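Lifted from TrEMBL, the feature list:
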{"type": "SIGNAL", "residues": "1-23", "note": "signal peptide"}
{"type": "DOMAIN", "residues": "317-472", "note": "domain 'L,D-TPase catalytic'"}
{"type": "ACT_SITE", "residues": "H427", "note": "active site, proton donor/acceptor"}
{"type": "ACT_SITE", "residues": "C446", "note": "active site, nucleophile"}
Amino acid sequence: MKIWYSFIAVVLLAVVVSCNSKADKKEENQTKTAKVVVPELKLTIDRTAIADFYETYPKLKNFQEEVLSLYKKKESTQLWLDNKGVVEFGNTLYNKYKGLDNEGLKANFPYKEINFIFEGNADNKLSQVNTDLMITNLYFYYGEKVYRGFDEKTTRSLEWLLPRKKMNYQVFSDSIFQKSTINDDRKSKMFSQYYKLRDVLREYREIEKKGGWKTIEIDDSYKNLKLGDSSDVIAQIRERLYVTKDIKEDSKSAVCDSVLMKSIKNYELHHGLSPKNIILREHIDEMNVPVSDRIKTIIANMERCRWIDPELEKGKEYLEVNIPEFKLYLIRDGKIAFTSAVVVGKAMTKTVIFSGMMNNIVFSPYWNVPTSIINKEIKPGMAKNKNYLKQKNLEWNNGAVRQLPGKNNSLGLVKFLFPNSSNIYLHDTPSKSLFERESRAFSHGCVRVAKPRELAIELLKQDPSWTPARIDKAMHAGKESWYTLKNKIPVYIGYFTAWVDREGNMNFYKDIYQRDESLIKLLTEE
């Protein structure tokens, strides 16, 4: 590899001679310090040099095209080195890399040479060209890990079918010249939930450093506690809640007073439990989940945030469903306009994680029974009871079955359609009691809405002719009718077991489909 140096040396010599007619002449020479311009470093990093690099370091080969493009823009010269060594931005990048733990990630760049460059290791045998290329690959490695996360093939294997955020390497590589992407932390680059979880991760890591929280000790004889009860367990609960700031102070009292009960109910609310006026064993079990496990859950959900395009949040109006939370939100102009409890698919018929565009609302709908349900439920029911179809308000037609409109229809009085290959939609249900359960995974895969009428009213605000009275009439008409939305509404069905809400509360939800474990394993093994 050729290296050109331009040498400029400027030497100034001043000689001052002073004469005195009454004294011997004396000559003084003053030499001013020579001023040298240090040679400018200019490396040639062309296609051949880059190809040679990836022959030596094949584990980085997936960045080759982006690296080629980047050096071509830079006219095949170095990016990270000058005549003094690695430039400041390169050191900033390395420090960010070493701090990947703050992002819930491992700093495991595949070649140890990257550490030799920045830590002055005597084993560093890299040429200047390969040094520059190694740092460039670190730049893309960092960007992919932090901003992109696992590739789409991996996320699909985890049954995540929401549209992936596209990593624009063109823009990302251009940012080297502005030195902005790594150095700043503008929160528009990522799905906003990512930064909220990262802040909580920092807090929980501090708790972990201090030893975490103590396990609340109870035995088999434990009886549910209520307001006014006295027990050593009460004192332990106070101490536990104080660690996570779920109670303002630890009074050490062993009596369950109103302040503690309020804090416990608030804790339950943010941990997927129904707030109650008694302290159940399951509530204590939830408090006893170790801080290390909570940290893993936070990290897994930070990874999920990497997969979401931050542009999603800029939509004027959209619906989002968080499966583990059993909750639906209508977001309008960046604010929550409506919420409803939902029932999602049970373990054997999981609700799919995906998105669609809602285009139709169907009032007094028929229910076209899926073939799987016909075979597993209806045919056996018909075999046992000849009046099964009539009792269930079903029609049989050449092997196809549909349920007539009405209050007992499995879809209730209204459904909301957003075409998709999984045939998932939102709908009403006659089984209202299920919404009272803490865990609401009972459906065949679709999403049952606790407040369908109110949702229809909210969505049809875009059409003033559809008054609440008109909606009620259509829902109870006993005859199917379709309404096509003037403006389609995006629907996002996601899966987050850790979520910081708009009030800043940390929420944890049960991993009902057991998806955290496989994701955590991938993050740990990486």
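A Cβ is built for glycine as well, from the same backbone N, Cα and C atoms used for every other residue.
In the three-state DSSP scheme, the residue listed as 'active site, proton donor/acceptor' is classed as strand. Reported as a whole number, the C-alpha separation between the residue listed as 'active site, nucleophile' and H427 (active site, proton donor/acceptor) equals 8 Å. Secondary structure at C446 (active site, nucleophile), taken from DSSP and collapsed to helix, strand or coil, is coil.
For the domain 'L,D-TPase catalytic' (317-472), the mean pLDDT of the prediction comes to 92.
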